[in-house]
Amino acid sequence: MSRVDAPAAVASVVTAVRADLAAWVSFAACALAVFLQMIDVTIVNTALPELTADLRASRSAQLLVISAYSLAFACTLLTAARIGAMVGRRTMFLASVLAFTAASVWCGLAGSATELVLARVVQGAAGAGMAAQTIAILTASFPRGRHPLVFALYGAVAGFAGMLGPIVGGVLLTLDLGGWGWRSVFLINLPVGAVAFALAWRFLAAPKPERRQRLDLGGAALSACGLFALIAALTEIQQRGWRAELIVCACAGLAVTALFVVQQRARARRGTDPLLRLDLFADPGFRLGAVLVGAFFGLFTAFVFAASVTLQDVLGYSPLVTGLVMTLFALGAGTGAASSLILVARWGVRAMAAGIALYGGCMAAGAIYLTLTAGAVNPWLTVGPVFLAGFGVGLFGVQLQPLMLAGLDGDRMAEASGVLPTVEQVGNAVGLTVLTTAFFASHTLGGSITMMAAVAVVALILAVATTAMPERA
């Protein structure tokens, strides 16, 4: 190499290192954002008794504190993804992080239950604004060869955040930092949101927005109304049972959602920009992957709920012991997630199928053990199965999203930013409602056994379905 070429080579290496660093810092910003968005789904459950007493919240207000966030999140995802494409992903992401952080402070300072519910609505909508941009941002930040690793890490962060919510909430309430009590579970978002905003402001690339286009207001209204009616009805069914008016509301939500799909198909035929690109589902991996993602999220959400009730209400464990059990599950999931990078690369979808089958097998073993012991459980005998169940979840769940997206080109992968979290939210609502009302209506030992058996069956069905996913190079 000549003396003239050497500086150019060094400059090229420095440029490449800087670009790689910027990409990973952008990933860190997205990871912090999804951590905030996911942990706020579950962390509130821990603080609910304390905030209820402090704000004198009614029973309906308690439910709204939890459901308002999820409803606002689900109903605005598709619209937020389209707005991000129009104004720029970076601009939309920064605005959403700022709004989410401000709404979290509002939640922490709320003086009444009504004010807290309103703040949770804003928080949920802002969370959707963040979540709807991340896949597109990560797709643009990394070369295609790194997408499986990046999306696997991103999925792991999202999954762990949901599991850590009750644990972090319990720690904050126990420490009672500054005497803030339940308010600390919201105010803790302020420093995390500030770091995410600073990283995104400094390192996030600012690609040009898509060609000038109009927002499909009709599609936005139809999707929001359909999802709201469906998810709100399912949420109420969990509390009040399968009443006629709630079933009608859920069916109306399905009908409006079907009308939305018809309207989107018509817009695509006319050459106008739809809110949802239905050609995403032309890819067999994305189509089957959407079903698997929805089913998995519903299954997992139902499991977390049932596990908490079983450990505390049925087996009589303290909140601390319950937290330790869930921490053990999370450690298993982390180990499974890390192992998936090697196992799935070696054995493909068979490794993922084995992971969810292992989880189902552990649930079946748990149901049998509870039956044989009549609930007289030796905690030490549960350590291995709990860890292995978490391992199976990590092995399956972390690699599902990368496999689902692998068959899409760059443009369509960016369009999946709003679709994927919407599928997850619908899966959460459907799975939790169906499994808990059908198999866990009574919080008794028999209900726990039936629920675990049902989860095991669904997990084994998912294992079989996973083998039909196309292998990706």
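Cβ from N, Cα, C; glycine included.
Per TrEMBL, transmembrane segment is recorded for 21-39 (among others). Outside the transmembrane segment (21-39) by six or more residues, the chain places 73, 93, 96-97, 100, 104, 127, 130-131, 134, 137-138, 141-142, 150, 153-154, 157-159, 161-162, 164-165, 168, 189, 192-193, 195-196, 199-200, 202-205 with a CB less than 8 A from a CB of the stretch.
According to TrEMBL, the feature domain 'Major facilitator superfamily (MFS) profile' maps to 26-471. In the predicted model, residues of the domain 'Major facilitator superfamily (MFS) profile' (26-471) average a pLDDT of 87.
Sequence annotations record features per position, and here TrEMBL assigns transmembrane segment to 59-80 (among others). Only residues 6 or more beyond the boundaries of the transmembrane segment (59-80), in the same chain, are considered here, and those with a CB under 8 A from a CB of the stretch are 37, 40-41, 44-45, 48, 51-52, 92, 96, 113-114, 116-117, 120-125, 127-129, 131-133, 215, 219-220, 223-224, 227-228, 231-232, 235, 239, 275-276, 418-419, 421-422, 425-426, 428-429.
Only residues 6 or more beyond the boundaries of the transmembrane segment (92-111), in the same chain, are considered here, and those with a CB under 8 A from a CB of the stretch are 29-30, 33, 36-37, 40, 55, 80, 83-84, 119-120, 122-123, 125-130, 132-134, 137, 180, 183-184, 186-187, 189-190, 193-194, 196-197, 200-201, 204. Annotation source TrEMBL lists transmembrane segment at 92-111 (among others).
Feature annotation from TrEMBL assigns transmembrane segment to 117-139 (among others).
Under 8 Å from some Cβ of the transmembrane segment (185-205) lie the Cβ atoms of residues 22, 25-26, 28-29, 32-33, 35-36, 40, 43-44, 46-47, 90, 93-94, 97-98, 100-101, 104-105, 107-108, 137, 140-141, 168-169, 172-173, all in the same chain and six or more residues away from its ends. Taken from TrEMBL, the feature transmembrane segment covers 185-205 (among others).
If you look up TrEMBL, you'll see 217-235 (among others) marked as transmembrane segment.
Taken from TrEMBL, the feature transmembrane segment covers 241-262 (among others). For the transmembrane segment (241-262), same-chain residues at least 6 beyond its ends with a Cβ under 8 Å from one of its own Cβ atoms are 219, 222-223, 225-234, 276, 278, 437, 441.
What TrEMBL records for 286-308 (among others) is transmembrane segment. With a cut-off of 8 Å between Cβ atoms, the residues of this chain six or more beyond the transmembrane segment (286-308) that come close are 42, 162-163, 166, 280, 322, 325-326, 329, 356, 363, 393, 396-397, 400-401, 403-405, 407-408, 416, 419-420, 423-432, 434-436, 440, 448, 451-452, 455, 458-459, 462, 465-466, 468-469.
Beyond the transmembrane segment (320-344), the same-chain residues lying 6 or more positions past its ends with a Cβ under 8 Å from any Cβ of the stretch are 149, 152, 156, 159-160, 163-164, 166-167, 170, 304, 307-308, 311-312, 351-352, 355, 379, 382-383, 386-399. The feature transmembrane segment is assigned by TrEMBL to 320-344 (among others).
Cβ atoms under 8 Å from those of the transmembrane segment (356-377) belong to residues 296, 303, 314-315, 385-386, 388-389, 391-393, 395-396, 445, 448-450, 452-453, 455-460, 462-463, 466 of the same chain, restricted to positions at least 6 beyond its ends. Among the features that TrEMBL reports, transmembrane segment is placed at 356-377 (among others).
Beyond the ends of the transmembrane segment (383-405), by six or more residues, the same chain brings 135, 147-148, 151-152, 154-156, 159, 285-286, 289-290, 292-293, 296, 300, 325, 328-340, 343-344, 349, 351-360, 362-363, 365-366, 413, 416, 420, 462, 466, 469, 472 to within a C-beta distance below 8 angstroms of the stretch. The transmembrane segment annotation in TrEMBL covers 383-405 (among others).
Under the heading transmembrane segment, TrEMBL lists 449-469 (among others).
Long-range contacts of the transmembrane segment (117-139) within the same chain, counting only residues at least 6 positions beyond its ends with a Cβ under 8 Å from a Cβ of the stretch, are 26-27, 30, 33-34, 36-37, 40, 61, 64-65, 68-78, 80-81, 83-85, 89-90, 92-93, 95-97, 99-100, 103-104, 106-107, 110, 147, 150-151, 154, 204, 405, 410, 413-418, 420-421.
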